[in-house]
Amino acid sequence: MTTRLFLRCPVARSKTSHNWLKEHFDDKYVKMAQKDGYRSRASYKLLEIQEKDKLIRPGMTVIDLGAAPGGWSQVTSRLIGGQGRLIASDILEMDSIPDVTFIQGDFTEDAILEQILEAVGNTQVDLVISDMAPNMSGLSAVDMPRAMFLCELALDLAGRVLRPGGDFLIKVFQGEGFDVYHKDIRKLFDKVQMRKPSSSRDRSREQYLLARGFRGIDGAASIERF
């Protein structure tokens, strides 16, 4: 029996790649990032949230998860100033940023969590920010569990290191598992809001969950690290 291979994927992929590149280089936030010296257009998402919520202040201690290539770390480092402290982590490499401690590795591995906790030491963290997202397959049944797993791990870290009254900002995708996650966060923080920066691409399902006023783990439902 002859097996026929229908080679449509390379053509479709080539067209999709061309369209993405055109959109990317025509994007006003990409052009702004190049002009302003930011490493990624994602910087403007954090800047927009900062403008509205005044989340980052001088002298703060901050953890930045999913930091590469460094757009959020650039913004945060500038805002916390020389008296602040920033610990950034990503599975990908990131060029160094002055006064930023960078830990490269897979955040789902306990060894990387321990490195982050060691870097924090006895310091109480004021803010945890996360722009982490899994590599998307386009299949919701696959992508949502992966995304929610990263969200759960980020919340677990926040619960370990945040000072009472501390804040948490995280990229989320609404879908299966989100409602339960949202309820867990509402138990741990005084105020929980959703943000959709105008700099997020229209087609993107991403939103940012902003949780303020950490109550502490005692008396609330903690998130176990799987």
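For all residues, glycine too, the Cβ spot is worked out from N, Cα and C.
Feature list (source: TrEMBL):
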{"type": "ACT_SITE", "residues": "K171", "note": "active site, proton acceptor"}
{"type": "BINDING", "residues": "G70, W72, D90, D106, D131", "note": "S-adenosyl-L-methionine binding site"}
{"type": "DOMAIN", "residues": "38-214", "note": "domain 'Ribosomal RNA methyltransferase FtsJ'"}
Rounded inter-Cα distance in Å - G70 (S-adenosyl-L-methionine binding site), K171 (active site, proton acceptor):
16
If you count the C-beta atoms lying within 10 Å of each candidate's C-beta, which of the binding-site residues D90, D106, D131 ends up with the smallest number?
D106
Cβ atoms near W72 (S-adenosyl-L-methionine binding site) (within 10 Å, other residues, all chains):
29
Site extent for S-adenosyl-L-methionine, whole Å (max Cα pair distance, G70, W72, D90, D106, D131):
19
What is the separation, in Å, between the Cα atoms of D90 (S-adenosyl-L-methionine binding site) and the residue listed as 'active site, proton acceptor'?
15
K171 (active site, proton acceptor) versus W72 (S-adenosyl-L-methionine binding site) - Cα distance in angstrom:
12
Could you please provide the mean pLDDT value for the domain 'Ribosomal RNA methyltransferase FtsJ' (38-214)?
96
CB contacts for the residue listed as 'active site, proton acceptor' [other CB atoms within 10 A, all chains]:
23
DSSP secondary structure for D106 (S-adenosyl-L-methionine binding site), reduced to helix/strand/coil, please.
coil
